[in-house]
Structures are given as C-alpha cells and as structure tokens.
2 protein chains.
Amino acid sequence: MKVGGLLASAGINIGLCVLFLSLYSILRKQPQNVKVYFGRRIAEEHNRLRDAFILERFVPSPSWIVKSLRCTEDEILETAGLDAVVFNRILVFSIRIFSLAAILCVFGVLPLNYFGQDMHHVRIPSASLETFTIGNMQERSRWLWVHCVVLYIISAVACMLLYLEYKHIARLRLSYISRATSNPSYFTVLVRGIPKSSTESFSRTVESFFTKYHASSYLSHQVVCKVGKVQKIVSGAKKVYRKFRHFKGTTVDQRCRTITLQCCFCGASSNSFQLLPSDFEQESEKPDVNDSSLILPDEECGAAFVFFKTRYAALVVAKILQTANPMRWVTSLAPERDDIYWSNLWLPYKQIWIRHIATLLGSIVFMFLFLMPVTFIQGLTQLEQLQQRLPFLRGILEKNYMTQLITGYLPSVILQIFLYTVPPTMMLFSTLEGPISHSERKKSACCKVLYFTIWNVFFVNVLSGSAISQVIALSSPKEIPMQLARAVPVQATFFTTYVLTSGWASLSSELMQLFALTWNFIRKYILRMKEDDFLYSFPYHTEVPKVLLFGLLGFTCSVLAPLILPFLLIYFCLGYVVYRNQFLNVYCTKYDTGGLYWPIAHNTTIFSLVLTQIICLGVFGLKESPVAVGFTVPLIIFTLLFYQYCRKRHLPLFKTFPAQNLIDMDKEDQQMGRMEDLHERLHSAYFQFPDMEDVPLEGFHTVGRDEDGSGTSGESSHKESTNGNDDPKDDLSHPTLDGLPVSRLRNVVKSLATILRPQRGELPV
Amino acid sequence: MKVGGLLASAGINIGLCVLFLSLYSILRKQPQNVKVYFGRRIAEEHNRLRDAFILERFVPSPSWIVKSLRCTEDEILETAGLDAVVFNRILVFSIRIFSLAAILCVFGVLPLNYFGQDMHHVRIPSASLETFTIGNMQERSRWLWVHCVVLYIISAVACMLLYLEYKHIARLRLSYISRATSNPSYFTVLVRGIPKSSTESFSRTVESFFTKYHASSYLSHQVVCKVGKVQKIVSGAKKVYRKFRHFKGTTVDQRCRTITLQCCFCGASSNSFQLLPSDFEQESEKPDVNDSSLILPDEECGAAFVFFKTRYAALVVAKILQTANPMRWVTSLAPERDDIYWSNLWLPYKQIWIRHIATLLGSIVFMFLFLMPVTFIQGLTQLEQLQQRLPFLRGILEKNYMTQLITGYLPSVILQIFLYTVPPTMMLFSTLEGPISHSERKKSACCKVLYFTIWNVFFVNVLSGSAISQVIALSSPKEIPMQLARAVPVQATFFTTYVLTSGWASLSSELMQLFALTWNFIRKYILRMKEDDFLYSFPYHTEVPKVLLFGLLGFTCSVLAPLILPFLLIYFCLGYVVYRNQFLNVYCTKYDTGGLYWPIAHNTTIFSLVLTQIICLGVFGLKESPVAVGFTVPLIIFTLLFYQYCRKRHLPLFKTFPAQNLIDMDKEDQQMGRMEDLHERLHSAYFQFPDMEDVPLEGFHTVGRDEDGSGTSGESSHKESTNGNDDPKDDLSHPTLDGLPVSRLRNVVKSLATILRPQRGELPV
C-alpha cells in the first residue's frame, strides 16, 4: 500500500467523521430524538427540552464537545459510576502514553526508518508505507540503539503511568466502598448449595445453620424461589397488557379475564381461575407476596440471601469456607439488588464448574471457527493472490482507485461486520456460565471478547497465511518472536487502516446511536407507537476490548512502524470526548463492578508491553544487532517484575473488601444510631417480588429482565430492561406508566399474585 | 539391551537387597545401633533394649517385616502424624493400581507385543527387550484395541482410586483438625508487615490496631524479635559448653568465665561481663526472659503473634484482607511452635515476592545446568557412541559381562549420585524463598525436587540426544506426542534398570541408614564421644518425589512396555514395608503439614495419567490406528474433567480450615470450661525464649535450629535439632542431659540471659 492509499482512506474517514459529528450536533437538538441522545438525563433528572422550532436547531455546533471536556472526574463518578471513571482513565492513560510515543517515534524513529537504506526516494505520496517501518533499516545499522532507547522510554513511562493509575483507581475504589453506606448488599451474603433435607424446608435449614454457627451476627434470611412458571405467566400477561393498552374503555375485570384467557392459551393451569371474579377484591386486598406460602415449597431452590447485623460479619461469612464440603453452603457477598441475575440463582451450584468448562471450550471453538472470515479478509489485503484466485476481478482491479479502496478500506469493513456478531455470542456464553450478577456477566463477556479480539484481529492477521498454517506457525514457540518480527512491520498498514475504519467510524456510530435513532424513527413515524425510553447501560464488554486492542496495536507498532501513532492518538482523543459525552447523556448506570475493569486493562497493557518487547527482540535479532538484543532482555524481565509487584500490591483490593474500612463504617453507623434503620431496610431489599403496593411492576421487571440480555446485547443493540431502579418514587413517575391509571395496573398485578397463590390440593401443574 | 542384561541387573539388585535386608535384621538387634534404628521409640517411649549377648542377635529374622505389616493406619497416625499416613496412602494407591496394571499388561498386552510381528523369535534370554514393547506391533494391527481398552481400564480405576483416597484423606484431615483441641496455633495469627511508626513501638502499634478493629476477640500479642546476635552468642556458648562437658570438676563460676572468654573471642561485646561474678546470683534469680526490656527496641521486627479468644476468630483474621494496603498487616494462621522457621520471620514482608521470583529463576537455571551430567549418562546407554568417543574403552567393553554391567547398571548409578545433590540444593532455594515454617519449607522443596526429577529423569532421558537438541525438540508442542511416542518404548529399558537401581537400592539404603550407622560407629569407636541421638524428621522432600516418579514411569510404560511393571510392583511392596518400619522406629515427627502432600501426589498422578494418554495417542497415531486415536481423545478430556472436579470438591479443604469444625470445637471448649485454661497456655506458647526456669535449653534449641536445615538436609543427611519438644518433662529426662546436673545447666543459661539483658547506655554492639 502506498502513502496515497493511506491518505485516501484517512480522507474518507475524516470526511465521514466530520459528517457524523455535525449530524450529531444537529440531531441532538431535535426534540423527537431527545430520548435517544439524553436517555440518562431524562430518566434521572426529569428534564424536558423545550420543543420550539428555531433555526439554531439546524446549525452544527461544537458546544457538546466543550461540555464533555469540561466535566470533571467527580461528575462522571457521580452520574455514571466508578466503572465509567475507570474507562475514562483507560483513555487518559492511552492519550498520555501515545502522545509521548507519537512525539518520540514520529520525530526520532520515523526519519531513521525512512533514510535507513541507501535508496532512491520517490515522492512521498507514492512511497510505499513499508519504507517508514523498521523493515527499511539496514542490517547491523549503527542507529538501532535509537529504537532500543525509545522502547525503554516508552516501557518505563507506561509502567510509571500504569502504577499511578492503579493507585488512583484503588483509592477511588476505597472511597466507593466507604461512600456506599446504605448499600444493603454489604450486609447480605448469598448462600448457594444449601443441602436438601427430607424433613426440613430450605428456609428452616438456613435458619438452623446460621443461628447455630453465626448466632451473634445473623439477622434474617430469604430463600430464593424458582420463578420459571411465574415468570412465564407474568411476561405473557405483560405482552397482552401492552397490546390491549390502547383500549381505554375496558374495565379492570374485563382486562383481567383477557389475561386469564391468555394464560390458558400459553398452557398454564387454570384450575383456580373460576374463583377470581367473585373473590377478587377481598382476596387480593393486600397480597402479601413476601409470604412464603405464596411460593410452592417445591419451587424453593438451594440458594438464599442471608442478612447480617454488620458489614464485617457478612464479609467474614462470605470469605470463610463454611463446611468441610466446599460444594455446600457456598457463600459470597450478594450483588446489589438491581445487579442480580435472578435466573442463574436457581442453578444447582454443582453445575457451575461444568458450565465454566463447557463455555470455555465453546469460546475456544468459536474463536477458531472465526478464522475463516479472517482468512478471507487476509486475501483482500494481498491483492495479487486474490487476482489469481478470482480472475474475473482483474478488470475491476486494474483501476487504481479501486485497488486503493479495496486494499485500504474494504478488508477492515468486512472484518468489522463479522466482529459485530462476536459480543452477543460471548454474552451468550457468559450467560450460560452461570454468573449471579449482570455486572459479573458483562465482565466475563468483556474478557472473552478481549481474548477473542486480540487473537483474531492481531495474531491471526499478523501471522498471515491460511488458517491452518497459522496454527502451525504458533506451535513452535521459539520461532514466534522471529515470526512476529517479520510480520508486524508488514501488517502495520492493515492496522493503520483498521484504526481509521474500525476506530474512527465506530466512534462516530457510537455517538450517532444509529440503531436507536432508526428504531426511534420507525416507532414514531411508521408504527406510530408511543415513544419508548432508550435506557441502555454502557456496553463495557465491547468498548473496553476495543480500546485495549488499539492500545495493543499502538504499542506493538510504535517503534516498528510509527506512522500508526498519529491516527491512533486522534482516535483516543476523539474517544475521550465521545465517551464522556455518552456517559453524561446517554447511558444509564444500573449496576457497577466497582472498578473491576481496571485489572483487566492493566494486565492487557502489560501484555501489550511485553509482546512489543518480544517483537522488538525478534526484530533486533533479524537486524543482527546483539547490543540491542542484549538490552531488551532485561527490559522484559523488569516489566514482568513490575507486573508481579502490582499484582501483590494492588490486586487483592480488587478481589475483596478490606476489613478496616468495613469495620469503620459499621462503627460509625452504630455511633450515629443508623444501624436499626439499615436493618429495617434490609428486610425488603432483596424481595424477589417486591411489595407491589409500593412499587408497581417492579417484580415484573426484575423477572422479565432475565429474558433480554444475551441475545440482544450486541455492539449497539443491548437494550436492557429499564425499570430496575431502587427508588420506588422514580418508578411512579416513570414514563412507561405515563397516562396510565396506576391503580388499574396494581389490580392486574394483584390478581396475578392471587392466581399464583397455591391452594391446597390444587397446585397448578 | 537383552533380556539377559536385565536379568543380570535384577539379579545383582535382588542379591543386594536380600543382603541389606538380612544385614538390617541383624544390625537392628545390636545394642550399639539401637539409637540409629529406634531413634523415635527411644526418644518417645523411653525404652531401653536389654544389652545381653545372645546368639539370636546374629541370626537374620523377618520379624520386623511382620511387625511393619501388622501395624494399622491409626497407629501410624498416632506415632508419625498425618503426613506419614498420606505417604502410606500414596504407596497403597500405587500398589493397588499397579497390581491391576501388571496383571492386565503382563497377561494381556505383553504377549500381543511379543507376537506382534511375524518374525523369528530367538530364545527369550537373548531376545531384545524391545520385542516386548509396543514398538514390536505391526502398523494397522487389528489388536491395538486391546491396548486402548487396557488404557481405559487403568485410567478409570486410577481415577476411582484417587477419588476414594482423596475422600479418605480429606476425612482424616478433618479429624486431624478436630482432634488437636489444645493446639495453640489455632488461636494464633502471625501478622507480618506491621507498619513502622516513628512514635510508637511495634508492640503498641499491634495492640492499638487489634483493640480497635478486633476488640471482641483479641486476647494478647507478642512481637517477634530479631535475634541474630543473641543467636550467635548462644550457639557459640553451646559449642563451648559441649567441649567442656567432660570436665566434671569445674564449678559453675569457672565454666561461666570460660563462656565469657569464648564470647569475647567470637567478637561479642563484653562491657557488662565484669559485673557478673559478683551480682551473678542476685541478678539472675529469676531472669524474666519474656520481659520486653530484655530485647533491644531496635531489634523488634515488623512481625507479631496475635492471640485470639476463639479459633474461629483467629481463622477470620487470618483469612480477611485487613487494610487497603495488601502489603501491610498481612495475616496468616501461625504455624505450630515447633514448626516455626524463626529466622525467616524477621524478613521484611515486602521482600517475599522478590525472593519467590528469584528462587524460581534459580531453580530453573539449576534444572537446565543439570542437563550436562544427564547427557553424559545418555552416552553410556548408547554404547557405540561411547566407544567412538573414547576408543581406549574398546578393550574393556569387548567382554560381554562388562557391556551388560555398563549398559544395565552404571548409568543409573551415576545419575543417582548426581541426584543426591539435588535435594539439598532445592532445600536451600526453599529456605531463601522465606517460608515461615519448617513444614512449608519442606513442602516447597518437595515440589521443586518433584518438578526437577520429572524433568531431568523422565523428559530429558526420553527426548534423547544432546542437551541442546532436547530443548529444540520441546519447543515444537505439536510434535511432542509423536516424539514421546517414539522415545518412550525405546527408553523403557533404561527406566526398568532405573527402577532396579535407584528404586530397590535406595530402599535398602534407607532401611540400613548407612550414613547414620557409619557416623554412629565413628563417633563411638573412633572419636570415642558419647553417643548422640539420631532423631531426624522424615525426608518427605526426597521420598515423595521418588515414589511419584516411579508412579509416572509405571503409568507411561504400562501399556507400551509392560515389562517394567513387575519390578515396579516389587518396589512399591518393599517400599510399603520399609517406610512403615521407618515411620514406626526411626523418624521422629516434629512438624506436620496436615496432609498437604496429598494434593501434590494427586496432581502428579493426574499429570502422569494424562501424559500416558497423550503418549498412547502418539503411539496409536504412529501405528495408524484411527479408531484407537479417536477413543483416546475423550479419555484425556474425561481425565481433565475429573481433575477439575476434584479441585472443586476437595482442594479448598486443604487450603483452609472449615468454619463449622472450628466453631464446634470452640463451643465444646466453652461448654466444658476449658477455654480459660487454653488462654492461659497461649501466653507461653510462642515465647521466642521460653521460660528457662521450666524448660532448660529450650530457647537455645529453637534458636539453634535455624542453622541446620538447608545445608545438611540432603537425601540421608538431614539431621535436625532434636530438642524441640513441647513438653518440658520430656526434655528433663532427655538423653542429652543424662548424667548432668540440670541445676548447673540452668545456671549457665541464667548467666547468659543476664549477659544479654541490655543495660542502659551499655548496649552490646
């Protein structure tokens, strides 16, 4: 590929970016899109933008960029949680290190590479991009020490910055822990693998165990119920209710009957339905859904939330092995109420390890199946091969601009399209793994997508050739540095265009929210439905791997092919602005891992650094510079030592909570007399079907949420259920309830609760 | 190698074995050897054998074998601890699985191999051993399914037996935990990384931290002191004392002066010595060695023993992360008093991770340096190569019996001699690693020796060729099964002789205690010194890897070259008898890991199984039997699944204590009113210098023990300090104190304690 081709690609992308950004700055001012672009703010701040027609609305303006840049870290922490701050810090780290790398490499290394060989230099636009890589250096060149020194500087500064970030985020995590004083999850332990007793119910078993062994700190407990049937009926009823929503004239009773029929259709037993119309008002006067008699005894499952008097006591129980059988009475700190992934709670704990292994195998198989499209793309960058295989293309490819387009642009686009299928698949795998919280599921999917991306975008592209020859190439570990050293400078062109297409374009589409925008348009003007909220939570599992992959590309190419760095730097800066804007306006934070994405980012960056150093080792070896090789080996060792130090120094804090802080919080609460109040609130914190008198539909949403997730949570299509807020008041003013008599809704819910209440001898099948 | 050669080798070894066993049965009856062969029983049971001269003493008898076989597992548990039982179970498991394997392979597989090819069979004694291996099978043989089925049976039965053993040992560990009711280590937490304060002493810091955060369960604490100087003076004094022991006429004062001079010689300050003779009796009336004023404030180090009211509280504090900085207030359950490795306690905790990495690197370098002698041995088995290189040997090697001797016997002997240097080196590495207990050090050394042995005895010998070509062979992972498949049947001869020489002979020498016997003889009849005790603790770090290596050889050779199995089975049976005898009579259990050797054995066995399956996969591939290959792959997967299941099901119990059992113990003690008593005893349990009024020389021995260990703890030379018993009464009647006025000894100790007491302004340098 020539410099001209690269510039063409850059031109197209810059044009697209400017177009999208301008479009965004106009679209965001249109009142009909307000829910697409300000979903979070509307949901949380209850604002409404004025709906006047003024010219200003159609003029692009950069004000949103200024707003995004002005907002402080504390504001992000406040509005979007610690994970958002961590993501922000990853971008800040990337901008810092790649600014330095860009300056050093573009002004120090690039000229050396370009003038590395005594050759006739053509005009720069038609010069091959490879003349800018280290491949252009002569063997045994006296100037290779510059590359080595630059590598040292980049590694050292990267480690220093990483350490500072780790320290900063550890401090944030600590204050995050300490600030959440009223968080009921700190008092709650999720117990799984409760042994089944033939004489006692699960509830009795739990009570007797904890009163026997943790009497001083045990408060109460709540057994998790398997709500498979309940869930089906409820979501069926929900659908029907939505359909019949427009018939405002129908009475409650009529609607109730409709639901009843629907339940019959979908196969649920109806043996208690005849009683309903008559006893309806009396029976459902105050449906005590928390009453354990509501739940069939058979449907209790071997999991329970156990509440403790202090946070420290809960931590202790969560961390200590309870009995001699590690598969029973498995304890862990409970996730927050909104974070719980209910349908996984009633998986038998014994299954979990098999599920882990199965999904691991599944992911690996998927990774290797994916080699096929990647191999095809590989063919596109090597145009000569393609022409040989598909001779009819020769006519098209003879035109110069077509060649440039195809080599510079098309491969990335195709790869990109295939990559869109990856996050939903990995999310599905993570769901099957059996995590107990949404955040854990997302984090697990994030790791899977990360490994996948690094393997399929970096390694497979670098170790070019057919799918099978790549595996063979990797099966000889001693050869890997040499292989990489030969391949990375050659593939730098592809990576540069990948940054342009995948990076820049994906930022624009992220900003534009194309999917949500289109869907909003279709709903509003074609289906003429009432507009819906667009409250997604931030897709960490796609964005974190993306940013980290670009970091990896930056590090590995930095010294060897520095031309990628300016483009990468622009990507990170743009990303910084865009993502901050999205955090502030679009995404809603429903659950938070408490900064657990940082260790992933840290480890990946260290991996990138070490990989860079190994590749440089190979390159220096190929260039026959023993001094540079000799100096690179200790650098690798020092980087690994640094990694080990960070593991010892900071990682434990990200795996557990420190006792000191929890005890301090407990003491403060006791001194202030807040403990009683906290204990009161604990009892209702983890209701599987929260009290419907206060929180209409809350139980439904929690249950209903189990069904979205995996299938629909792709790159830009993760719509998750939106009504999982903690505060009942928020729910009452919730837009989905707008214009609907809440009392009616309540009645529907009550009737359902009554249907589900088992009558002796009449258990629904 | 021919069958004749193998039989010659077996003949030599059987002869040697019978000779040694007969010799042992005579020598053990000689009164002068009683301390060599009954060290433990004399030390613990205070028996003395009658010293009469009767003929019976010179007739070999098998009575000891009967006694060894008759003793039950409970007796071993009683006398030698849980680790001994675990070692015993490893042998039992090996005997069981290899009995089955021997029957299946010798009667099922061996004939198939022998008649595998249409060839002229010579007389068996001069048949090559390779005709008995799978190498003799024809390609695409119809009979390979027998090998596959046998592999399946062996794997399945091995997994089943492993599971039963794991379960059994887990139960034993539980009862081991529950039985040690008065063990003070359960109440004690070792805290390291105590932050240094400029205003407070370590003691105050510890007290304020634990009274603040664990007030309800905290009892007291004791800061560890750095006793480098004290230790030097004391051990110097000890030596002198021993020398002057025979001068019975000297008075206490005189002896005291002698010690004083010695101390001057070895460079300790003597500024307070002049006071001694006059104030001696008064000052040392009751030397309160526990008084913290005895210790120089500067010598306190950032580690302390903290005592808690209940076992559960101690466990909780040990397992929970205390503060936000994981390098400070690092807690772990304290080892038992006799198990503590004092000189590592005052290592700064921050160093530990570097030490770990450094010793890891050191061990790896050592492993590769060791390739050199192994390569030399490799040359011996390939006699033609040797003759080419060293032509002068040709004359000797022309004699047939010499060839047989050299190929069949010498290589193993040389390898054996080199291997004797390994355990002390690995013990040294493990010491440098910074473990806090003797048992942890020995376990770590055991792992290192195990990896070393498997790498250097198995892999390097199998992947024959020069040292460098082996590394290259291993650097291509896809080739490994094929490489192994080609090499293992060929190398089976070497392994068979290795079992004969290293296995059988080492058992005989273990039984004979050659080193101790010789040393006893020299002391008694040449140096004419008073006879010393031979109280060693069992060398798990040499014996466990040895047994596991033979297991590995057995599994890998079983299907491929079954001729090794009978010899191996004899080894295990002999080992069973010998080791039980040694546990009952010779070795003294001073510390116990509580069964932690079992997970090592389990993992190694699984590794052996999977390795066997991979090698068979390669062999079936070479023999072009796709059916057998297809059936072996799921077997590997099932074995790995089994491993993962055991990890989940049993391993956690070996990493911590279950809360349930500890709480039960606490409750029982509280109900029985024993708690007060236990708390009382806690205060004196971890004295660094125990109260000398009651336990003479105890402090000395504890301190002195720091110096033996690493250097001298090789294969048969780990003599460890003998006076670390808990019970003072045992010490009083201790043989080393025989015929010595205890009161005088006490005075010496008192005077030393007074010397060491710092006087204001007069600190010894």
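One is the number of the first residue shown, and numbering goes on along the chain from there.
Here the Cβ of each residue, glycine as well, is placed from N, Cα and C on the backbone.
As annotated by TrEMBL, transmembrane segment applies to A:6-27 (among others).
Residues or ranges marked as domain 'CSC1/OSCA1-like N-terminal transmembrane' in TrEMBL: A:6-164.
Counting same-chain residues at least six beyond the ends of the transmembrane segment (A:97-116), those with a Cβ under 8 angstroms from any Cβ of the stretch are 131-134, 136-138, 141, 143, 146-147, 150, 153-154, 157-158, 161, 554-555, 558-559, 562-563, 565-566, 568-569, 572. Marked as transmembrane segment by TrEMBL: A:97-116 (among others).
According to TrEMBL, the transmembrane segment annotation covers A:143-164 (among others).
The domain 'CSC1/OSCA1-like cytosolic' feature in TrEMBL is assigned to A:187-344.
Per TrEMBL, the feature domain 'CSC1/OSCA1-like 7TM region' maps to A:356-620.
Among the features that TrEMBL reports, transmembrane segment is placed at A:357-381 (among others).
Annotation comment: TrEMBL describes A:401-422 (among others) as transmembrane segment.
Under the heading transmembrane segment, TrEMBL lists A:449-475 (among others).
Under the heading transmembrane segment, TrEMBL lists A:559-579 (among others).
Here the transmembrane segment (A:600-621) has long-range neighbours at 86, 90, 93, 134, 144, 147-148, 151, 154-155, 158-159, 162, 165-166, 443, 446-447, 450, 454, 480-486, 488-489, 544, 548, 551-552, 555-556, 558-560, 628-629, 632-633, 635-636, 639-640, 642-643, 646, meaning same-chain residues at least 6 beyond its ends whose C-beta is under 8 angstroms from one of its own. For A:600-621 (among others), the entry in TrEMBL reads transmembrane segment.
Residues or ranges marked as transmembrane segment by TrEMBL: A:627-646 (among others).
Marked as region 'Disordered' by TrEMBL: A:700-740.
The feature compositional bias 'Basic and acidic residues' is assigned by TrEMBL to A:716-733.
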Selected stretch (most C-beta pairs under 8 A with the transmembrane segment (A:6-27)) from A:143-164, A:559-579, A:627-646: A:559-579
Residues from the same chain, set at least six apart from the ends of the transmembrane segment (A:143-164), whose C-beta lies under 8 A from its own: 93, 96-97, 100-101, 104-105, 108-109, 112, 116, 134, 137, 555, 558-559, 602, 605-606, 609, 612-613, 616, 620, 623, 625, 627-628, 631-632, 635, 638-639, 642, 646
For the transmembrane segment (A:627-646), sequence-distant contacts whose Cβ falls under 8 Å of one of its Cβ atoms, 6 or more beyond its ends: 144-145, 147-148, 151-152, 155, 159, 162-163, 166, 602-603, 606, 609-610, 613-614, 616-617, 620-621
